[in-house]
């Protein structure tokens, strides 16, 4: 009887995993030749995403991601550039594969809301190994212990800063095709930039990894305990250490004491250099200009994401269908920027984004002679 019960439990568990957990992504895109070719060229988009069985839970995926970031193998970047922005602020570029031939594609990484080159090292290493390309982490103000040399901080990033970083990258490697991935908050910055630039961007392909979409509601929907944990980390990282610069500004105390992401971002506008919350949202909310994106873009969201919840993506499916070169892939599991797969957990998402960028670059190479 004991053996029968054990076998029954195993069968039920396996059946649940195969029918409710390990499913192919749900794909939303405009039906055209370019999108069909992209989907056909990336097998993972039409096959099951099978989460690591012992990490199939939302929270276990995030815990393991945190452990990987804390204890994973270190990465020695080739070099880094400290950049001074037009207003005196400080950003940085961290390079891997710097000595590759100039014509080698360059992949820009736009990090998470409190991210750094160190916290992004697993993704950077995976992308460099899988593509063989040059990778550069576009590091924002106040991140990676950069000095805050101008009294302004924006957790959503600044498209003006990104343009200055891009100017340095394109000047250094003028013949290198550019691609970009934004992770979580970094995806908002990437989408905002691509929407503002339209046809004028040098970026030839993009990926938005676990985006939150409309920041007016996205932070409000983030779930506990992550909502509070992230708000407190934002205050500790970007607000209270700079009391000498920010304490007289409106909203400082509210941001310093915020216990959730919504209240933090309701009061950050003065610290970010904007006269009002509405001005801040008008300048930074990615969905305000998303309809103007013409760059090929893959978007990845998970139904069990507790930070950028799936309702955010669902609300923007009609908009995504209007973008001729956008593909939204929604997986049943994956949590927030985790996506571990295999008994020895590796990132499924990192492999997908590498395959997507290599496909776009192959398409670019195939059509290049036609453009001359």
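Backbone N, Cα and C define each Cβ position, glycine as well.
Look at TrEMBL and you will find 184, 305, 336 tagged as active site, charge relay system. Per TrEMBL, the feature domain 'Serine aminopeptidase S33' maps to 107-314.
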What is the separation, in Å, between the Cα atoms of residue 184 (active site, charge relay system) and residue 305 (active site, charge relay system)?
11
Can you tell me how far the Cα of residue 305 (active site, charge relay system) sits from the Cα of residue 336 (active site, charge relay system), in Å?
5
Validating a neighbour-count step here. Other CB atoms within 10 A of the CB of residue 305 (active site, charge relay system): how many?
28
Compute the average pLDDT of the predicted model within the domain 'Serine aminopeptidase S33' (107-314).
98
Report, as a single number, how many Cβ atoms besides its own are within 10 Å of the Cβ of residue 184 (active site, charge relay system).
22
